[in-house]
There are 4 protein chains.
Amino acid sequence: MSHNTFGHLFRVTSWGESHGPAIGCVVDGCPPRIPISEEEIQHFMDKRRPGQSRFTTQRREPDTARILSGVFEDEETGELLTTGTPISILIENVDARSKDYSDIKEKYRPGHADLTYDAKYGIRDYRGSGRASARETATRVAAGAIARKVVPGMIVRGALVQMGPHAIDRDRWDWDAVDDNPFFCPDAEMAEFYAEYLDDIRKRGSSVGAVIEVIAHGLPAGLGAPVYGKLDQDIASGLMSINAVKGVEIGAGFVSATLTGEENADEIRMGHDGAMEFMSNNAGGILGGISTGQPIVARFAVKPTSSILTPRRTVTRGGDEVEVSTKGRHDPCVGIRAVPIGEAMVAITLADHYLRHRGQIGQGE
Amino acid sequence: MSHNTFGHLFRVTSWGESHGPAIGCVVDGCPPRIPISEEEIQHFMDKRRPGQSRFTTQRREPDTARILSGVFEDEETGELLTTGTPISILIENVDARSKDYSDIKEKYRPGHADLTYDAKYGIRDYRGSGRASARETATRVAAGAIARKVVPGMIVRGALVQMGPHAIDRDRWDWDAVDDNPFFCPDAEMAEFYAEYLDDIRKRGSSVGAVIEVIAHGLPAGLGAPVYGKLDQDIASGLMSINAVKGVEIGAGFVSATLTGEENADEIRMGHDGAMEFMSNNAGGILGGISTGQPIVARFAVKPTSSILTPRRTVTRGGDEVEVSTKGRHDPCVGIRAVPIGEAMVAITLADHYLRHRGQIGQGE
Amino acid sequence: MSHNTFGHLFRVTSWGESHGPAIGCVVDGCPPRIPISEEEIQHFMDKRRPGQSRFTTQRREPDTARILSGVFEDEETGELLTTGTPISILIENVDARSKDYSDIKEKYRPGHADLTYDAKYGIRDYRGSGRASARETATRVAAGAIARKVVPGMIVRGALVQMGPHAIDRDRWDWDAVDDNPFFCPDAEMAEFYAEYLDDIRKRGSSVGAVIEVIAHGLPAGLGAPVYGKLDQDIASGLMSINAVKGVEIGAGFVSATLTGEENADEIRMGHDGAMEFMSNNAGGILGGISTGQPIVARFAVKPTSSILTPRRTVTRGGDEVEVSTKGRHDPCVGIRAVPIGEAMVAITLADHYLRHRGQIGQGE
Amino acid sequence: MSHNTFGHLFRVTSWGESHGPAIGCVVDGCPPRIPISEEEIQHFMDKRRPGQSRFTTQRREPDTARILSGVFEDEETGELLTTGTPISILIENVDARSKDYSDIKEKYRPGHADLTYDAKYGIRDYRGSGRASARETATRVAAGAIARKVVPGMIVRGALVQMGPHAIDRDRWDWDAVDDNPFFCPDAEMAEFYAEYLDDIRKRGSSVGAVIEVIAHGLPAGLGAPVYGKLDQDIASGLMSINAVKGVEIGAGFVSATLTGEENADEIRMGHDGAMEFMSNNAGGILGGISTGQPIVARFAVKPTSSILTPRRTVTRGGDEVEVSTKGRHDPCVGIRAVPIGEAMVAITLADHYLRHRGQIGQGE
């Protein structure tokens, strides 16, 4: 996790700006002979793709992911397989509107990375927020599609569990509902409320935050390497690296701070199949930085989009006090599209730890 | 961040088990000619040291940190300076009571890493929880004491802001109060309440969680490297790597999810000194993964100690269903001692990013 | 240095196969505001480009390097500058002839990576040797062109100093001669001999090895970090990673093993300018893994191309004993084109160490 | 490979100065349940230990390696096993004579790291050459002893094959002879000559270089990860990181540059056991950066010790022109003790690659 590379054995290197010719990533260290196709990647790209409902930005990007290397036909079936060499993925920027950027070039939008990029580098590609654009996250989803296939039996799913102050009713959780509304919301009833709520936000030119939950099933116990390669540590690192994320928690998370030891302990019994069975999962599937075999549960908070219509006080690069408001295409709740991105980062982290564990310990013993 | 090493340019490698002869760390990549003494390190070690009040474990460890390498006398003053080579720090385990470990050797304590270490490695040093013991965090504090001196002008301070469900009153925040109570609590009034509250918890053989806040002042804008070396990402990684931590947030954190864009935006004006001045700090000093120059604000949730007197249902290594309760010396609120540890991890992360930034960009321009 | 990424702060990630749609690399960690253009990169690409004389492979590749990210126009001059974000470079494969690969698909060419890729991955893109093709080195040259601009005042030059058993006469060394013959040979007289010699090798369908020397001028003292980030160690790592390289030496190299301490010691005097002056450079500019300020001198041995016309005994993937000979376009002395590649790897290594040194120590003190 | 850490999955972090209280290393990422004892480590320590014949420095160090962490008793046998957590090894400095260091404190010894440490860090522990002392290599041998046990069936052996200009006769190579002479020389006849030759060098207060060869048997095909994690690349990195090493070669090495493709190709036939059999090993067991299954063969050149009696011209820290000669205890041929060190670095590199390969590919398929 450094520079623009995430992971140790399963490594993703990201590049590209919002309005350059393309963005992309290099997925390195993938095991060989894993079937992968552009269609499979596209399936996940399409979830993150903008412009699919009135609740996300109206930028029209096909987000077509091309594989440029690292795959080859199976001799017998003709199916494309990974070869173990770097997989280069390229996504062209198609709908990068040429427009007048003089406003965001000079005025620092509060809550935006404009000013910090300037402070750090002394230069920035301001077109469409350049490297700081959420567009960069498309490469995460592409890499995540490959990561999903690395760990046998692993399923990683995400859902929006809170929008603004409005949390879902967890008793109504239904995974099937997630794909039936534009919010990836597992509570169908709440999804109807969100539609109204967000329409209001959107029409006012405002924006709102959200909380996303990602759950990974099917992982073996033993993944994670204390004390500085802990599984929860790297999940936190991956999720916090997503644009606009301000908090991450595992299992009971901040609620666990309010509990007593008795309440928090996940008691254990033996299941019918002779395997351990936990009576609860406050740990979120991780103890001492190592997976327990229970589902991995992570949540993250996404702040409201900083690009809003309402004028905010700010300064220019030259130090003049001004007001700024952002017209143009933007997400009223950027947290929605964070669902497939969060899934991708968890999948990438787990694929990496699966290989790291196999390296140190071996397998199948 | 991998294995037992944290950091890229300023790197800390940790080793040791709770009841072995010693624990320690190697601090590598420290700039040369920084004055450092064992006394300075000891100052911070003493904050984390157990047995200082009735609210922490009664294990008696002097926690004396010895420097074995990487320092040398200044030719003129005789003062010890770092030489730029690895600084090896050794802390002997003194009060590692020989006792009967048969209970925790066989029975998995709910919420503890016993079972995951077994699942991963097939062997573990179970004495005093071995590598998974909070004792390991002493090395973090030692390394943090050095990290604090790497960034000129940086001050890193922490405080306990919530114990169980009881949060402090932020209007009563007083840094001077922090060292006047055994909880590192900045709200003197609440500290009195905590004393009573925790006494009750302790006498019942129970435990409780806490929330810690760490604030770093005096940092320049520009630290952090998007998109996978973001400053908040690495702070989250560092804090989540601490034993018993289940959540991390930056600035407004999970609250930011409940806000609108208007509420969340930190507006900017020009200060009297010609520098930018923010009207609020919901961002916690970080935008787009890069420091803004405002104070860095991070919070983390610590779960209640899993070692409690109340019997809990669990299983043995052999798969028998049993109950377990932990007698012996333990922290009723392990979150208290997490304050100096959290400070240390933030200081280490910032020192590392300070050097990484200087490497890519240079300085003083 | 791991997987397909070289470097720590200045990092190059390489991808692509010989007959896929393209190859490329991502240069990450480059300081911002460095002027760089596709033309500058092309200047070095053209040196490595095949088909420029009868002494290199007749594959016709324009080797056009396109910059896809990480640069932006200077506000005032319009000149392209690095932005500090990842620079993605793409080189299309144009002349990837569709041909019958059944021979190299089944028969392991002695000296080639065919069999080891199969042994490792169980699958390989055999077209034009896939990932193991020398084509991959084009990305090194592109990255090297950027690296050259990172260290102020640094000049990195290479030359072929031996072909087969025939070494140049070092007394005739003339840097100006290097670009005047197709061998990058600094000894014009020897270059004429090489032309004849290699014509003979080429006509016989044979091949021959070479020794390349790379010299870097203009570096400050102090680069390199003992004991596992030594400058010579990383130069050796970089040069040994080039296809077909079997040996690396620094300064007097293997000859130093034959010397006494008296003969090997580079004595020091004070120069006219008040700076230290060395009487010789057996150390090749590096002592204890740290640069002395003298020129860095490295040499590497390139084995003869394994693809030759003369039939050699080998086996098939199925284990049948057969003979194999390689027809088609190949370099009779692959060492020639190794000159710009060796320069690139030295430049990349030095750029990385320059930034790493600046990170730990700061600058200009 | 960065700072003072070598390796990616099997990682060795080294610390310590020649005349401080101790030196040591942390071996991290070792697989669990490997039997390891201090006696086994000591066996290899004793080979490198000084003062064992008149041909090495007369410093008397017991070089006792203590294990401080990362091992635990097997429940049934009581045998010490690795636990998968960091193994900390400590070696006390016993015979660090207090003496007058004013000479080497002020005068830069030609060929020594005195001046480069000063140039880089602006401060150095000059006592016994501090961090730049060959004493540091003791930690490599200790770590190597553990690495040897990581790869099942691997045997790593080294030998001195040239002293000064005098190479052994390879036809007389006898591994049994290696332990019967003080030079680790596999040619008993030549060893007798070396005794005389080196006595003369030693009495004159001079020194001489050497070439060491390390051979690893018993490795599977498939280790190594092109293009920047090549096996030969990392062996070169490891060997070049040893003090005084100026050249590294694999297989035929620099000689391969003199060969034609026909001569260099290692032809392949099928062996009696149905496995491939190579007719020669010019490749040194590595093709395309990946192991072939043949023995790995590496050689490295060690320069003569820079500490000699004969006065050499140099300058002081203050810039005065002086002469310097080194009295005191030193190795007339530091290459001798480089044999166990070279073995250790090769073993560490191979252990690391064994785990890296297992991580990406899995095992036993």
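Glycine too: its Cβ is placed from the backbone N, Cα and C atoms.
Nobody curates TrEMBL annotations by hand; they come from automatic prediction.
Some features that TrEMBL has for this protein:
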- B:R48, B:R54: NADP(+) binding site (BINDING)
- B:R131, B:A132, B:S133, B:N243, B:A244, B:G288, B:K303, B:P304, B:T305, B:S306, B:S307, B:R329: FMN binding site (BINDING)
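Distribution of TrEMBL features across the structure.
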residue: B:R48; record: NADP(+) binding site; DSSP class: helix
residue: B:R54; record: NADP(+) binding site; DSSP class: coil
residue: B:R131; record: FMN binding site; DSSP class: helix
residue: B:A244; record: FMN binding site; DSSP class: coil
residue: B:K303; record: FMN binding site; DSSP class: coil
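Least packed by the Cβ count within 10 Å, out of the binding-site residues B:S133, B:T305, B:S307, is B:S133.
Between the C-alpha atoms of B:R54 (NADP(+) binding site) and B:T305 (FMN binding site), the distance comes to 16 Å. The Cβ of B:R54 (NADP(+) binding site) has 12 other Cβ atoms within 10 Å, all protein chains considered. A gap of 18 Å separates the Cα atoms of B:R131 (FMN binding site) and B:R48 (NADP(+) binding site). Distance noted between the C-alpha atoms of B:S133 (FMN binding site) and B:R48 (NADP(+) binding site) is 14 Å.
Around the Cβ of B:R131 (FMN binding site), 29 further Cβ atoms fall within 10 Å across all displayed protein chains. Taking each Cβ in turn and tallying the other Cβ atoms within 10 Å, the top scorer among the binding-site residues B:R48, B:K303 is B:K303. Cα of B:R48 (NADP(+) binding site) to Cα of B:K303 (FMN binding site): a distance of 18 Å. Using a Cβ-Cβ cut-off of under 8 Å to chain A, the binding-site residues B:R48, B:R131, B:S133, B:A244, B:K303, B:T305 reduce to B:R131, B:K303, B:T305.
Note: B:R131, taken in sequence order from the binding-site residues B:R48, B:R131, B:S133, B:A244, B:T305, have a C-beta within a distance under 8 Å of a chain D C-beta. Cβ neighbours within 10 Å of B:A244 (FMN binding site), excluding its own Cβ and spanning all shown chains: 24.
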